[in-house]
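Colleague: Let me begin by handing over the structure; questions about it come next.
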Ligand code: GTP
Ligand code: MG
C-alpha cells in the first residue's frame with residue numbers, strides 16, 4: 001500500500017471493501033477500531049463477523065500493517081498511549097514481588113486454596129485501581145478509573161468494598177459506582193460478558209481493570225471427566241486469549257482467580273505464541289500462588305514470571321484490606 005493511501009485509514013469504514021454493513025458486522029463482533037481488528041484472527045472474522053475468508057485475510061493484513069508497521073506516527077501514538085502502568089495491591093511487599101504492582105497489558109492469575117485471599121485481592125484491586133496515579137491507582141483528574149468485576153461464585157461483597165474504600169480514604173459511594181459488577185452464571189455467559197467489554201469501553205467507560213473470580217469454577221463444573229478435558233482447555237485458552245487481547249488493546253490489567261489445593265502443573269497451558277501474532281507477543285501472564293501463613297498472614301509466591309525471580313512475599317488481610325505485615 002502507498003503511504004498516501006494508509007494515511008487516510010482511520011475508521012473501519014475507511015478500509016478497502018468495508019462498507020457500512022461490514023463495519024456494522026465487525027462492531028457486533030466486538031471489533032470497533034483498527035487496533036481491535038489487527039489483533040483478531042481470520043477464524044474470528046469468518047465465524048463472528050460473517051466475512052468471507054479472503055476478505056478476512058485481506059482486512060487483517062491491512063489492519064496489522066496499519067497498526068504494527070509502516071505508518072510510524074500512528075504506531076508511535078498507539079504505543080505511547082499504551083505504556084504499561086501499575087496498580088498497587090496495598091502491600092509494598094506484594095507490589096515488589098510483582099515488579100511494582102499489578103501491571104496493565106498483563107494477566108495475573110492468583111491460585112491457592114480456600115481462604116488464601118484470592119477474592120480479597122480482587123476486591124482490593126477494584127478499589128485501588130481508583131486511586132489517583134500518584135497513590136498507586138490509575139485515576140486521572142476528572143477521569144476516574146473503573147473496574148469490571150465478574151463474579152462466578154457469588155462471593156462479591158459490596159460491604160467489603162466500602163471498608164476497603166474507607167481504608168484508602170476514597171468515597172465509598174463513588175468507589176462502588178465505578179465497579180461494574182456482573183454475575184456470570186455459566187462458562188458461556190462468562191465468555192460472552194468478556195466479549196462485551198469493548199463495547200463498554202467504546203461507550204466511554206474508563207475500564208482499567210477486569211477481575212474474574214473465579215475464572216475456572218464454571219469450566220470445572222461443566223466439563224467433567226477426561227473426555228471433556230480437551231474441549232474445556234480449548235475454551236479456557238480462547239477465553240484467556242480474549243482477556244489478553246483486551247489487556248493489550250485497552251491497556252488494562254486483568255486479575256483472575258483459580259482455586260486449587262496445590263501448585264498445579266500447566267493447568268493454564270497458554271501458548272503465548274498463539275495468542276495473537278506479533279502484536280500480542282509481549283503479552284505477559286503472572287501467576288501467584290497464595291497460601292495461609294502464621295498468625296493470619298498470607299504468603300504469595302511468584303511462579304513462572306518471565307523476567308522476575310521466583311520468590312515470596314508476606315502480607316496480611318486486615319479490616320482495611322490488603323496490607324504489609
Ligand atoms: P475461596 O474463594 O474459598 O477459594 O477463598 P479465597 O482465596 O477467595 O479467600 P478470600 O479472599 O475470601 O479470603 C478469606 C479470608 O480473608 C478470611 O478467612 C479472612 O482471613 C480474610 N478476610 C475477609 N474479610 C475480612 C474482613 O472483613 N476483615 C479481615 N480482617 N479479614 C477478612
Ligand atoms: Mg474466593
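The backbone N, Cα and C atoms fix where each Cβ goes, and this holds for glycine too.
Dumping what TrEMBL says about this protein:
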DOMAIN    83-260  domain 'RecA family profile 1'
BINDING   112, 113, 114, 115, 116, 117, 118, 119  ATP binding site
DOMAIN    265-325  domain 'RecA family profile 2'
Colleague: Give me the long-range Cβ neighbours of residue 119 (ATP binding site): same chain, 6+ apart, Cβ under 8 Å, in sequence order.
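Modeller: Counting only residues 6 or more apart in sequence, the Cβ neighbours of residue 119 (ATP binding site) under 8 Å are 153, 155, 156, 213, 257.
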Colleague: List the same-chain residues at least 6 positions away in sequence whose Cβ sits under 8 Å from the Cβ of residue 117 (ATP binding site), in sequence order, or say none.
Modeller: 110, 290, 298, 317, 322
Colleague: What is the set of residues, excluding 112, 113, 114, 115, 116, 117, 118, 119, whose C-beta falls within 8 angstroms of the centroid of the C-beta atoms at the ATP site?
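Modeller: Same chain, not in 112, 113, 114, 115, 116, 117, 118, 119, Cβ within 8 Å: 257, 259, 290, 292.
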Colleague: Identify which of the following binding-site residues, namely 112, 114, 115, 116, place a Cβ less than 6 Å away from any atom of ligand 2, and list them by sequence position.
Modeller: none
Colleague: Which of the listed binding-site residues (112, 115) has the least company, meaning the fewest other Cβ atoms within 10 Å of its Cβ?
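Modeller: Across 112, 115, these binding-site residues, the one with fewest Cβ atoms within 10 Å is 115.
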Colleague: Out of 113, 114, 116, 118, which of the binding-site residues has the smallest number of neighbouring Cβ atoms within 10 Å?
Modeller: 114
Colleague: Looking only at the domain 'RecA family profile 1' (83-260), what is the model's average confidence as pLDDT?
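Modeller: The predicted confidence over the domain 'RecA family profile 1' (83-260), as a mean pLDDT, is 93.
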